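Colleague: One structure follows; several queries about it will come next.
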Amino acid sequence: MNTNSSNMMALAPNTSKKRETVCIFGTGDFGRALGHKMIQCGYHVVYGSRSTQISNLIPKDAEVLSHAEAAQKAAIIIIAIQRQHYNFLTPLAEILRGKVVVDISNNLKLNQYPESNAEYLAQLLPGARVVKAFNTVSAWALQSGALDASRQVFVCGDDTEAKEMVMNIVRALGLTPLDQGSLLAAQEIENYPLQLFPMWKFPIFLSLGLTVFFFFYCLALDVIYTYIYENNNFSFFIAMTIPNRVCPVVALILLGLVYLPGVLAAIIQLYRGTKYRRFPDWLDKWMLCRKQLGLIALAFASLHAVFTLASPLRSFVKWRNAKPIISQALNNQTEPLDTTNAWLSDSYLALGIIGFFFFVLVGITSLPSVSNSVNWREFRFVQSKLGYLTLILCTAHTLVYGGKWFLSPSAYKWYLPNIYMLSLVVPCAVLVVKFVLIFPCVDKPLTRIRQGWERNPKSSE
């Protein structure tokens, strides 16, 4: 197998170096896909099955034997069978004694059984060296070369030598093994594929909640209010105008919420005088999902950019722009250029463009493929320094655009503030607190606390 590039899968059989024989119990989708990939990588594969008849679904060059015969021909046996069918292994306990048995099974729901499938397998086969692996990889990923899916394979087991043998197979397949420790970690590994975006639930629900709230907020002020008091039917605002107001507002609030837990954590550490006490559970969870909040904010900002670029194509915008021109022509008047408005317009557009550029840069850096190629100082610089710069630019963009409504009585329909005023609450609060935290009289003690100094060591927990 060509080992010059760790990022490429072996896509053709390697005949220059034959590897050891591996036995696979089970001829289902995953068992066949795994066997096919192993054959491509130079392994000799023998299947253990109830039926020894060769099927056209079985990978070419693989043997099919009974379970007992197949187990005797290999030192590594991969169990590609669900837990409810493990009973057939009991009569094979002596044959499997001393062999490496790899459990790749998953369950239908989280914590379905008291113990993990791998631990249950170790109880059935007390003499076997059980290792948990491959359960986070799909048959499709193996068939497609794992180039479009996660390449990480979690491995755990009580026998160090057995784990190393399995991890060598993982590496030979072009995947990345991650040692998770003893077999006690198997339950967590088995729960991992069953979790549906565990770190995305709160950010998604929060963004959806904000979107719905601000959509109806704009609907009430821009459509219902104008229809009742001005007798204007602006119901078509629902298609473009309202989404183009909601998207930047949600994006800015979410971006502020990315950096708000950081300043809250700093305040808590200053108050406690130590870093050796856990943050409240809600703050811990909030800090863990900051990347997801930022990426969703970037998605809303991107939608805002697309809506803005498409705005000149709208009939309403064309009509609105043509109306003053026609009025000037009919009255034979020419309106002089308002340089103040020109400055405001160009400034808010420039701030938005530059802010969106840095927003994209910060988002790209958070991707695993990029973050893994930079060191911690570089990553922190982009995520913290450039991140705050992005927040400043986007906040300034909103202030320049919507600041004129703060002192305008007409902006307070039904005594409610304009949507842009609401969007500035969180980011402005974050920036003000962060500005206070960078003062030397505050920053120095905070830095000392984060380096291990404690105000009252005895009271820390």
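Including glycine, each Cβ sits where the backbone N, Cα and C put it.
A TrEMBL annotation is a machine prediction, not a hand-curated record.
Sequence annotations record features per position, and here TrEMBL assigns domain 'Pyrroline-5-carboxylate reductase catalytic N-terminal' to 21-107. Positions annotated as domain 'Ferric oxidoreductase' by TrEMBL: 249-394. Annotation comment: TrEMBL describes 204-229, 249-271, 292-310, 348-367, 388-407, 419-442 as transmembrane segment.
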Colleague: Can at least 3 Cβ pairs under 8 A be found between the transmembrane segment (388-407) and the transmembrane segment (249-271), with each pair 6 or more apart in sequence?
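Modeller: Contact criterion met.
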Colleague: Any chance the transmembrane segment (419-442) and the transmembrane segment (292-310) are in contact, meaning at least three CB pairs closer than 8 A with a sequence separation of 6+?
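Modeller: Answer no, regions not in contact.
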Colleague: In the same chain, which residue numbers or ranges, 6 or more beyond the ends of the transmembrane segment (204-229), come under 8 angstroms Cβ to Cβ?
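Modeller: Same-chain contacts beyond the flanks: 197, 235, 237-238, 241-243, 245-246, 249-250, 253-254, 257, 292-293, 296, 300, 413-414, 416, 418-419, 422.
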Colleague: Across the domain 'Ferric oxidoreductase' (249-394), what is the average pLDDT of the model, as a whole number?
Modeller: 87
Colleague: Could you give the number of helix, strand and coil residues in the domain 'Ferric oxidoreductase' (249-394) as assigned by DSSP?
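Modeller: Helix, strand, coil within the domain 'Ferric oxidoreductase' (249-394): 123 helix, 0 strand, 23 coil.
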Colleague: List, by number or range, the same-chain residues at least 6 past the transmembrane segment (348-367) whose CB is under 8 A from its CB atoms?
Modeller: 255, 291, 294-295, 297-298, 301, 305, 374, 379, 382-383, 386-387, 389-390, 393-394, 396-397, 400-401
Colleague: Using DSSP, what's the helix, strand and coil tally for the domain 'Pyrroline-5-carboxylate reductase catalytic N-terminal' (21-107)?
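Modeller: Residue counts for the domain 'Pyrroline-5-carboxylate reductase catalytic N-terminal' (21-107) by secondary structure: 28 helix, 21 strand, 38 coil.
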